Structure formats: structure tokens, C-alpha cells
Amino acid sequence: MSNYDSLNDCQRQAVFHTEGPLLLLAGAGSGKTRVLTHRIAYLIEEKEVNPWNILAITFTNKAAGEMRERVDQIVGFGSDGVWVSTFHSMCVRILRRFADRLGYGTNFTIYDGDDQKTLMKDICKRLEIDTKVYKEKMFLAAISHQKDELRGPIEYETQVFGDFTKRKICDVYKEYQATLKRNNAMDFDDLIVKTVELFRTCPDVLEYYQDRFRYIMVDEYQDTNTAQFKLVSILADKYRNLCVVGDDDQSIYKFRGANIENILNFEKDFEDATVIKLEQNYRSTQNILDAANGVISHNIGRKEKALWTENERGEQITVRQCMTSFEEADYVTADIRRRKNKGEFDYKDCAILYRTNAQSRLFEEKLLMANIPYKLVGGINFYARKEIKDLLCYLKTVDNAKDDLAVRRIINIPKRGIGAASLAKVQNYAVDRDISFYDALKDAANIVSLGRAVAKIEPFVTFIQTLRSQAEFYSVHELLQSIIDMTGYVTELQAEGTDEAKARIENIDELISKIVTYEESTKEPSLSGFLEEVALVADIDDQDEDSNHVVLMTLHSAKGLEFPNVYLTGLEEGVFPGYASINADDPDELEEERRLCYVGITRAMKRLTITCAKQRMVRGETQYYPISRFIREIPIRLVQTGREQVKTEQPAKKMPDVHSPYMQAKKAFKSKAFDPNQFRVKKADSLDYTVGDQVRHIKFGVGTVENIIDGGKDYEVTVNFEKVGVKKMFAAFAKLKKV
DNA sequence: AGACAAGGTATTTTT
DNA sequence: TACCTTGTCT
């Protein structure tokens, strides 16, 4: 039995409002997941709604898992009837049943980003498109955008007119879609698009699901795109019991087609919608909340909200500017260790957040050296690793040989001496006869042009056929073991003996245990079932709650989580906000970065540390970055800069020169921190060189000054170096000497 | 056909 | 810096 008294007024109102459309505007940390779970409990316990009739949609598997757990906890018996699912897995479930209505096999495969890229490369070759001019990525992005808006190739064609590039995209789109269908495959976007298509073309199917899902809830509504919005509104059209929860300030997936307008559209599409705002924050201290509000208030296009809390004011926010990114990592590592030793925080209370995945490496290194356990979330997807994909493609091939991509991936793994030339011949044969690649392989003996290569292909086909017959009486993990044994995959890695090879073997072991777990936890385990589950999983969701480790992740993956002690790192103009968003024509790109910053700040419960570095290695080059504008947007009274130099692992190599630009900047930083005007490296009164002069740079050598811009805080000097070409740099940092 | 070297290019963010 | 593509040599 759940206790509704523990909810505040607004929350309770939201829980009790079960009939008709409801828009819940829930600020960060306002307990929205609690509301959703209590709402589900209320529907079942008080309204006697059959759990079977309830659908809760979240965005990530992580969120779905968490919600599932909490629903189970609060509802107890009978809760497993409730569908708690991501958009994508919900669609897969529906399509597995009805995809045949759209001309697909119900055993279709799902293509991930890598598969899409491979496919696109193929198509560009087929259509004789020069990928130097038109990048595969560009086509994929364009197609994905169209799908987000529910426009198929036919609909897109009407928009082409005379535009040459659009014409090309359209041709590629058509071919891409046709190939997917031929391969009996769908990409991630298709899962949504095809489900909508299914509902639009098959009223009986639609009605079935409308009747089934009489109560629908959508979490993270601000991240839905048009297609997802359409999907939900069609489903809810009959009973109109749709509850969406979102926060426009936390919309951070515009780049993926998320449409903030959906929040506004909701009130348009459902005119009778009730709107409830949740504004009390239960997560963070007053200081952290004030900082977050300070930053987000700089966004223009937002709904005004007043997030408040009854929590104590808490500690000030630490802001730390380091000289280099290495020092930044040292600082964070040392700080974590210090607080752990003091007993203030456990490792698992700490999270290090950053803008891009590439930034994780430094922290990993330092944590490793300091012997602090950590866990990296995201990054290279477990299932995207080469060794895992190889083996999965074997399983896929055994399961459904219509997936050409999988077959082609493994045909030469291990090396079977089948080269590109032979593959092309098989491919042609397959296209001519309109059969799958694998079927063409089976027919190899009849492909005259192949010649001797036939002898190499035939054993492969026999091998796969053998596996197929095994699949009937082997369990999935036995089948995989058989593949590993027969291909000598692991043996080959063992022979290699490198650390990397060992790590790969460990990953393979991990895969085997995952399969075993799957088989133990599923009623009717099957090869297809396992592959399906795997296709939609982003990263290993081993949330070993008991193990105690620091968490490293991007700001994006941090959404929806909370940590007592958060480190927000790399707050530099050019890193966060990223270079691209600063230079974008669309000012909303910067606003999205700011929302991302807001998300980051509001992850913190008790302590927040913000760090940045003056000097950072990016793509192997040292770059100089000014402090992020987001730091300046935090009211100064909330901030402490931490005067004490934290001891780092390596002793300083040399006494810093007090007159160096760094020391000057440091002085400026410490004395009058957070007056925006003081956030500057000390600008030289004048430069001893001008445009046209020859200057020498410590690393780049000699070059000619092309331009000097007085940027207010420093001179931005453009120099054309003889060896490395044109570089822009700040005078105070670059230490240019006239020659 | 496969191994290896050289050169070019890329960085947001994720289901 | 690190990966991936391309070209060359065996």
C-alpha cells in the first residue's frame, strides 16, 4: 500500500488527476518519478484499473529500469502487468507482432548506428556518389531528420523542387529505405515511424492497442520528437488519459530531433488539458539551486518557473580554474580522496561530469593512479565493441540470414581468404536474382565468375548450416560457445597475448554471462529473444548498487540521476559551451548548452564543484580556453574559489614565474573573482608587434602576424606560421616575440 | 589476398 | 592524438 500523505499538494493533485489529459511541468528534483509511480499505484489500488491497461514510457533503458523497480516496490503484487518501457522497446514489441502488415518479416533486425553507416557507405557506392563531396553522415542525419518529422521518401520528394542536394538526399533516402526493407531491417527511427504507420494503416491494430493502453504516461516529455508525439497522441486518442511529464529547462536533445514545441503543442492538441506545476525541489541545497537558477535565467525562450526548496543553504559552490586539464583531473581526484578519507563522502556519492566523452580519459588515468574505483558510463557501447559485434553477427546470421550486413561482417572473420572482389560478385548475383546475400552464398557453385573462391565460400556456408541445426537443440550460450570453439576466436586472441586482447576476452566472457543471465531470467529464452533484447540496450546496465565507485559520465547521460557530490568539469568557452554552439547562427544552440549546464548543476545534492582549465589538449594540440560564460552567470555570493592549492601527485617541476601570464591570470582570478570584468588574463597595455611583423612562438616557430583584434580582455592575434599555418591565439598566453 | 605504412581527418551530445 | 581509409608491396 502506498502512502499518499508523503506527497505535497501539487504532487497529490497530479496523482489523483487520472482522467483526461494532464501536463505536468516538473522542475529538476521535484519528485516527478515519485509522482508517476504513485500515480500508477493509485490507478491500480484506488481506481481498480487493471495493471494491464497502464503504459509508462521513458526515454532511456536506465530510466525504465528504475521506474520498473519503483513501481514493483510500491505496487507490489500484480505490478508486472504494467508496461514500463522506452519508446523504442515498446515499438519493437508491437512490431514483432504486426510488422508483417507492413511487408516486413516479424523477425526483422534492428540496425544500430554502425550498421547504418556501413549500409550508407554501400549505398553511396551503388549510386556512385562521391563521399568526399557528400558525407555519409550528412545523408544519415538528413534522413533521420525526415523520419523525426514522419516524412518518408515520397513525402520528402514533394519538397525537393530543383534543389540539387535535396534531390541527392531524396535518391539516397529511397535507396536506403528500400535496402532496409530488402534486408528485413529497421533503424532506430524506423521503429517509431513504422509503428505510427502501422497504426495509421491498420485500424484494427490501433484499436487493439488503444483499448489496451487506457492510461498512458510519458516521462521526459521535453525530449520527444514529432514522431513520438504523434505515436502517443494516436494511442491516447480514444480514452484521452494521457499524462506527460516534462521540463522545458531540461530539454537537451534538440540535436536528435526533440521538439520543445511538443509541450506547447500538447496544450493545443488537448485543449482541455490540465496543467500542474511541480516547483518544490527536494534534491539540492539552496545554494546549488540558486546557482542553477542563475544560469538558466539567462535563457530567453523558456517558461518562467520558480524552483524553491526547504533544504538548508548548504556549502558554497567551489569553482576552480586550473592551469591545465591534467591539473584539473588531479584536483578532482585529490578532492575526492580527501573527502573520502575525511568520511564526508563515499566514492559512490561522487560523480564527475563532462561535456564530451573524450574528456573522460584524463580522469580515468588519474583515478587509476590514485587507486580510486570508478565506473565509466556510456562511451563505447559494450555491444558496439568489435569482438562483441562479431560474435553477435554470427548469432544474427544463424537466427536470420536475411540480414546481409551481419553475414558480410563475419564472412571473413576469422580470415577465410574471401576478398572484396569475390564479395562483389556474390553481391551482384544476389541483386540480379533479388535474393539475399546469404542465399547467394549458398548458390556459390552456380556463380561462374567466382572461380576458385567457391572452394573458400562453401565451407563457410556449411559451417553456418551446422550451427543452424545446432541452434535447435542448443541453448543460446551453448551455441555461442560452439561458435567460439569452431572459429577459434578466443584462441586467436590468446595467441596475441596483448593487454588489449585480454580485455577482449574478458568482454567475451562478459557476453557469455549476460546470455546465461538472460536465459535464467526469461521464461522462454530464445536466440531471437536475446538478440532483440540486446539491440536496444545502450550500455551495460550492471548497476552494481553494492559496489562503491566514483561515476564518470557525460552531462547527457547524467540526466535523471542525482549525486551528493558532483564535479562539473571542463567549463571553458569553446568546450562547454562547445565551439560549435558559440558560432552557430541559431542562438538556441547556446541555450541548449545552457540547459545542459542547468541539468549538470541540478544533479548535485549537497556539494558542487566546478572546474575548468586554461590549457587543454584537444586533438593532440594544446589549446587555450577562457572561462565559460556559464560560470560567470552564477551569482558570486554562492561561490568560493578555494585559495589553498591542493596537493597533486607530482610535485611542481619548477617554481612558476610570478610574471608569467599564468600567475598574473591567477592573481586576477583570486583577487576579484566573479566580477565578470575581472575574468581576464592581464592584457598587455600594448603589444610590441603589429600586423605584418614576423614573430616567434615557442611551439609553432616563426610566422607573420596577419591580424590583431582587441577583444577587450585580451588581444586576439592571428598568425600565419611557416610550418603549421594560420592560428588564432591570445596575446597574453601565446608569448609571441618579435623577430 | 593480406599485411603494413602513410596520410588524412575528426569531436558534441544517444535510442 | 588516435582512428580510419587508402595505397603499396609481398
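Just so it is clear, glycine is given a Cβ too, placed from its N, Cα and C backbone atoms.
Because TrEMBL annotations are produced automatically, they should be read as predictions rather than curated entries.
Applying an 8 A CB threshold to same-chain residues 6+ apart, the list for A:ALA26 (ATP binding site) reads A:LYS32, A:VAL35, A:VAL245, A:GLY246, A:ASP247, A:LYS277, A:LEU278. The secondary structure of A:ALA26 (ATP binding site), as reduced to three states from DSSP, is extended strand. Among the features that TrEMBL reports, ATP binding site is placed at A:ALA26, A:GLY27, A:ALA28, A:GLY29, A:SER30, A:GLY31, A:LYS32, A:THR33.
Sequence annotations record features per position, and here TrEMBL assigns domain 'UvrD-like helicase ATP-binding' to A:5-285.
Residues or ranges marked as domain 'UvrD-like helicase C-terminal' by TrEMBL: A:286-560.
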Field: In the chain carrying A:SER30 (ATP binding site), residues 6 or more apart in sequence that have Cβ under 8 angstroms from it
entry: A:LEU278, A:GLU279, A:GLN280, A:ASN281, A:TYR282, A:LEU307
Query: Among all the protein chains here, how many other CB atoms are within 10 A of the CB of A:GLY31 (ATP binding site)?
result: 21
- prompt: For the domain 'UvrD-like helicase ATP-binding' (A:5-285), what's the model's average pLDDT?
  reply: 89
Three-state secondary structure, which DSSP defines for A:THR33 (ATP binding site): helix
Shell of the ATP site beyond A:ALA26, A:GLY27, A:ALA28, A:GLY29, A:SER30, A:GLY31, A:LYS32, A:THR33, same chain only (C-beta within 8 angstroms of their C-beta centre): A:ASP247, A:LEU278, A:ASN281, A:TYR282, A:ARG283
